[in-house]
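First comes the structure, then the notes that go with it.
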Amino acid sequence: MGEVVQYNGKITWFVVLSSIVAALGGLIFGYGTGVTGGVASMEPFLKKFFPEIYRKMNEEIMTSNYCKFNSQLLTFFTSSFLISGLVATFFASPITRALGRKASILIGGTAFVAGSALGGAASNIYMLIFSRLLLGIGFGFTNQSVPLYLSEMAPPQHRGAFNSGFQVCLGSGILIAYLLNYGIEKIKGGWGWRVSLALSAVPASIMTISAPFLPETPNSLVQQGNYEKAKRMLQKIRGTNDVEAEFDDLVAASNASKTVEHHFNKIFQRKYRPQLVMSIAIPFFQQVTGINVVAFYAPLLFRTIGSGVSASLLSSVVTGIAGMCTTVLSLLIVDKVGRRALFHVGGIQMFVPLMIIGGIMAAKLGDQGQLSQGYSISLLVLICIYLAGFGLSWGPLGWLVTSEIFPLEIRSAAQSINVATSFLFTFIVAQTFLAMLCYFKARIFFFFAVWVALMSGFVYVLLPETKDVPIEKMEKIWKEHWFWKRFVGDGDEEYEGNKI
């Protein structure tokens, strides 16, 4: 029996500040995701860009509660950035590998600033959609590079907390969007939506201006052949000169990666089958929880059950706070209790509320009318519980686990597949949700609950524990797993405390 290889080092302010700047990419992603649902519920915005929906809300009183917002153009506005993000992440992969993580962060930040400015100034639907496409380019580059940056900068024993900072920033961005939408909706003159769309330029500008001053990760410097600089950087971020063991592993991983000519072909080899499966399955499951439906359309969902604009936006703020609190909790405990335990608890915490929400809406909300105040409050509480479960588990862990399990030679390519899968299925779910809501009605919540049950079973059976395992030693967990060892070979060592 072997023991976990422990590297020397501690948390330094240098690493903390660098990681905070990098994690702003998550804040912008969260804000860009959360702001659209609130803006899309504002009547001046709908009247200008989506007049058909505006008429349905104010004139056609016989329209079903579940179908008021059913518009492919509206859903394309909310989800169009995912298509450009999907394409951009594959361009980001060679840049992240060849020029470093912070180069991709800089490109992403620049695209954010341009997209935010254009969105705030939009005078027609074409400008509005183009602004979302620019934002998607930013999301593609930063979502590909930021999780890698955080995992590579963090000490192994605190990697979960550092990487969860990305999800904390993402949740913070969603919450800030909800809060601003609630306040801005009350602005007289009907131009508040412009402020909401343009404000993401503020954190984007901070990240873009700061990006050139970020330190490059030792992993990236080694990959570029700058060994002396990489060793000095490793000593600086670990706060100690005794980094020989970790540095030797980085060099060994880099030497292995240099034998790879076609990185996207490499990941399809049999020995990388676990990483390939996880790079597709985890982001897929993360999206079919229904979480981005809530993030995109929370205000519209609350309007579906009969809330007014202000009430629906305020309800979104409450749910955003619930998700944010448990994301912070996850950051604090993920390196103590492990990834698998949080996945299991979060799965149960999402499954039960979804089933109850579907039951209440099926029994109490008809095609017209609205829920009583008591049932509306009950739904708000249940959605909070559901979001808290996601914030504890699949929210941060979906990014953490996929950023720490890939060996260096396929890391950039695998992360691109991970991000592209996330964007693709987020787009599919977001683009089809309003039509599915109109067709399935309350049954839509049972649909997502079934997926939550399936993905919880997947984690229980196929995902080994990665807590405390150094990022460049991660291949050992697959060699010891009862299922994956048939693909990667039999391991001759086990990690203490991480038996499969």
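Glycine too: its Cβ is placed from the backbone N, Cα and C atoms.
Copied from TrEMBL, the annotated features are:
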- 12-32: transmembrane segment (TRANSMEM)
- 18-467: domain 'Major facilitator superfamily (MFS) profile' (DOMAIN)
- 73-93: transmembrane segment (TRANSMEM)
- 105-127: transmembrane segment (TRANSMEM)
- 162-180: transmembrane segment (TRANSMEM)
- 276-298: transmembrane segment (TRANSMEM)
- 310-334: transmembrane segment (TRANSMEM)
- 341-363: transmembrane segment (TRANSMEM)
- 375-397: transmembrane segment (TRANSMEM)
- 417-437: transmembrane segment (TRANSMEM)
- 443-463: transmembrane segment (TRANSMEM)
For the transmembrane segment (310-334) and the transmembrane segment (443-463), decide whether they are in contact, meaning at least 3 CB pairs lie under 8 A, counting pairs 6 or more apart in sequence.
no
Give me the stretch from 73-93, 162-180, 375-397, 417-437 with the greatest number of Cβ pairs under 8 Å to the transmembrane segment (341-363).
375-397
Report, as numbers and ranges, which residues of the same chain sit near the transmembrane segment (73-93): CB under 8 Å and 6 or more residues beyond its ends.
32, 36-37, 40, 49-50, 53, 104, 107-108, 111, 115, 125, 128-129, 132-137, 139-141, 143-145, 263-264, 296-297, 412-413, 415-416, 419-420, 423-424, 426-427, 430-435
Segment confidence, the domain 'Major facilitator superfamily (MFS) profile' (18-467), expressed as mean pLDDT:
83
